[in-house]
Amino acid sequence: MDNSFDIYEIKARQVLDSRGNPTIEAEVLTAGRGYGHAIVPSGASTGTFEAVELRDLGKKYGGKGVLNAVGNVNEIIAPELIGEDSRNQRLIDNIMINLDGTENKANLGANAILAVSMAVARAAADTSSLPLYKYLGGCNSYIMPVPMMNVLNGGKHAGNALDFQEFMIMPIGADSFSDAVRMCAETYQSLKKVISEKYGKDAVNIGDEGGFAPPVKTIDEAFSVLLEGVKRAGYENEIVFTLDSAASEFYDEKTNSYVVLGESLSTDKLIEIYKDMVSKYPIVSIEDPLFEGDFEGFKEITKELKGIQIIGDDIFVTNTNRLKKGIEMNAANALLLKVNQIGTISESIDAANLASRNGYGVIVSHRSGETEDSIISDLTVALNSGQIKTGAPARGERTAKYNQLIRIEEELQISKYAGKNFKIPF
């Protein structure tokens, strides 16, 4: 009997994310000397229904320490998983879910559980002498995703007047992933020059995800700057736009309205603004256009904006129960997949498969508080998702994901870039 895949050791520690806040890292070693490690990211604009990220709430690190989560791995999770076959990902994830005993992983912490879940997958892949994307996805994993690169920041990711959180570019006209990265990087540098000329050298500040955060005051002004950057780079026919509104962040539950640039708007009025934007600019996708609890509103905007990808992030939180409700109602037509919203690799894959089976697009995503861990790069190829959202072509925690995808594309030799078929790439 081959016991080389059996888990031999698990340990966790507190490390830092890209915002200088603590997060948790886990390491897993198998009997066959397979090694896996993982570092968990953290969000700024988080959905109400996300799994719970356990924080210490003590004096150190302003209450954001994760030593309790680290202790939960070392003292509770590890003893239960030692000796388990690392290939049994679903069994291992279920053991941790049952150990926690809550629907939202509030006892042990989704950050503790996810760190181990990801590290186990890596350890099993290493023991198998397989790259992680091939271990998770098999021989049919060959589609390289279209990157959604965040180049202009607003909302919680910046300090300007923009309420909408992310203005992104998608190089759907590229021939390969590496070509797509080049187009975006060139556009990013072009945009930097445009911003510097228009607002001054001090205006090329960047937000949490590497995008610029110039002092733009209106949505039209933001798109005007973006268009000029793309034009100067020479990619007007290759690059389109996508928007993350993060609308729950500017929604007022007391008045059931959205406060945009100081004006109070109804759901219908906000939808009209989106329709106007789509008519004026090459926008192909909008994420979280409305409040996270408004399934009816998502149904309406999906119907009104035919041909536009409407992505559910905060409304679905990578949770199959919430996604099923959306599918039944035709609310949105794509899922933003964030592994730390749900807390295990198995549940993340379940959500992606549910979305794909029902014709929903899948966008594998980072968080604003990221790390050098590039597991989402392998995951997007494993799932053939066709889309990845992981920030600007800047800051090491963002470029780590793009660089890993460049390596994967080179290793695959025969791959397919999703391009214009980004929503349903296979």
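Here the Cβ of each residue, glycine as well, is placed from N, Cα and C on the backbone.
Record features (Swiss-Prot):
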- Q165, K338, R367, S368, K389: (2R)-2-phosphoglycerate binding site (BINDING)
- E209: active site, proton donor (ACT_SITE)
- D244, E287, D313: Mg(2+) binding site (BINDING)
- K338: active site, proton acceptor (ACT_SITE)
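This view paints the features noted in Swiss-Prot onto the structure.
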{"residue": "Q165", "record": "(2R)-2-phosphoglycerate binding site", "Cβ within 10 Å": "28"}
{"residue": "E209", "record": "active site, proton donor", "Cβ within 10 Å": "30"}
{"residue": "D244", "record": "Mg(2+) binding site", "Cβ within 10 Å": "28"}
{"residue": "E287", "record": "Mg(2+) binding site", "Cβ within 10 Å": "27"}
{"residue": "D313", "record": "Mg(2+) binding site", "Cβ within 10 Å": "29"}
{"residue": "K338", "record": "(2R)-2-phosphoglycerate binding site", "Cβ within 10 Å": "25"}
{"residue": "R367", "record": "(2R)-2-phosphoglycerate binding site", "Cβ within 10 Å": "27"}
{"residue": "S368", "record": "(2R)-2-phosphoglycerate binding site", "Cβ within 10 Å": "23"}
{"residue": "K389", "record": "(2R)-2-phosphoglycerate binding site", "Cβ within 10 Å": "30"}
Cβ-centroid neighbours of Mg(2+) site D244, E287, D313, 8 Å, sequence order: Q165, E166, S245, A246, I286, D288, I311, D314, L336, K389
S368 ((2R)-2-phosphoglycerate binding site): secondary structure state under DSSP, collapsed to three categories: coil
Binding-site residues near R367 ((2R)-2-phosphoglycerate binding site) (Cα-Cα within 10 Å), from D244, E287, D313: none
Nearest recorded site to S368 ((2R)-2-phosphoglycerate binding site) by CA-CA distance, among recorded positions E209, D244, E287: E209
